[in-house]
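Working notes for the structure below.
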Amino acid sequence: MDLNERLNKVKEREKRITENMSKIKYKIAVLSGKGGVGKTTISVNLAVGLMEEGFLVGLLDLDLHGPNIVRMLGIKENPTIENSLIKPPTYLKNMKVMSMAMLLEESQPLAWRGPMKHSVIQQFLADTDWGELDFLIFDLPPGTGDEALSLFQLVKMDGIVLVTTPQKVAIDDVSRAMNFAIEMNQKVLGLIINMSYLICPQCKTKIDLFGENAAKDFAELVGIDVLGEIPMDPAIAKLADAGKPVVSFLRGSEVEKSFRAVIGTMLEKLGKVSTGG
Ligand SMILES: Nc1ncnc2c1ncn2[C@@H]1O[C@H](COP(=O)(O)OP(=O)(O)OP(=O)(O)O)[C@@H](O)[C@H]1O
Ligand SMILES: [Mg+2]
């Protein structure tokens, strides 16, 4: 392929990304500084919660090295190719989900450098049949590496949701992630504080595990909203491993309520969103 052909291909792909993304009302990326703070858990439960409210939702797993969404939703199908487009499998009929895990053997490692990842992310955006959606949620790997960089270069998000746990070390890192998002000209929607507290199983008292308001103080200091707090609950991890998102499999729980509250706050912040594509 000569240089001109290559350039034309790149331009065509960029055009398809713009076209595809313009059919999606709200593009939301879930970002953190530290690993393991709950981004994937939050992406999955926000997506499922929004779907349950009647929105058309897609979920794109951009953690190429550690893709967890397929397990957390218990998805068994793989994508198919139709009319040269990747047709993503769905969770419960209509939530479209795409992940690297669907394209790899289980435990197969990935040793890719930035440009390779950039090209895969472009394909996920340009060549996937997302159709008309109300929301597309992007689950990112921890930190501000290639995946976040590529995504933010390619797509203007309607909001970045930052995730942290209450410890100072996680807050230090989320502060870096926030500044990265701002430098990339992206809009930060707010902060979710995960594993914020524990409800005593016996006496139902709220226990502040880390005993401080550091995350809230941080949000206030830098002028971002707290979208909500999610308690620590072993059921979250257990159900996630079983492919059952807590928001629909632990109805009536404090955890479910906390996710619904975050969704409510998010919708308010985005302005009233009407359902149905
Ligand atoms: N509020 C919570 N209470 C209890 N367990 C939780 C909670 N949130 C997440 N977990 C568990 O913590 C682990 C890490 O969560 P998760 O995979 O969502 O984090 P992550 O930020 O996406 O991680 P990574 O940075 O590796 O992508 C998982 O086992 C998950 O089930
Ligand atoms: Mg994750």
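Cβ coordinates come from backbone N, Cα and C, glycine included.
The ATP binding site feature in TrEMBL is assigned to GLY33, LYS34, GLY35, GLY36, VAL37, GLY38, LYS39, THR40. Annotation for GLY35 (ATP binding site): same-chain Cβ neighbours under 8 Å, separated by at least 6 residues, are PRO141, PRO142, GLY143. GLY35 (ATP binding site) falls within neither a helix nor a strand when secondary structure is assigned with DSSP, and so counts as coil.
Counting every protein chain shown, the Cβ of LYS39 (ATP binding site) has 25 other Cβ atoms within 10 Å. Apart from GLY33, LYS34, GLY35, GLY36, VAL37, GLY38, LYS39, THR40, the residues listed for ATP, the same chain places the Cβ atoms of SER32, PRO142, VAL163, THR165, ALA170, ASN194 within 8 Å of the centroid of those Cβ atoms. A sphere of 10 angstroms centred on the C-beta of THR40 (ATP binding site) encloses 24 other C-beta atoms.
Long-range Cβ proximity for GLY36 (ATP binding site), meaning a same-chain Cβ under 8 A and a gap of 6 or more residues, is found for PRO142. When the binding-site residues LYS34, GLY36, LYS39, THR40 are checked against ligand 2, LYS39, THR40 have a Cβ within less than 6 Å of one of its atoms.
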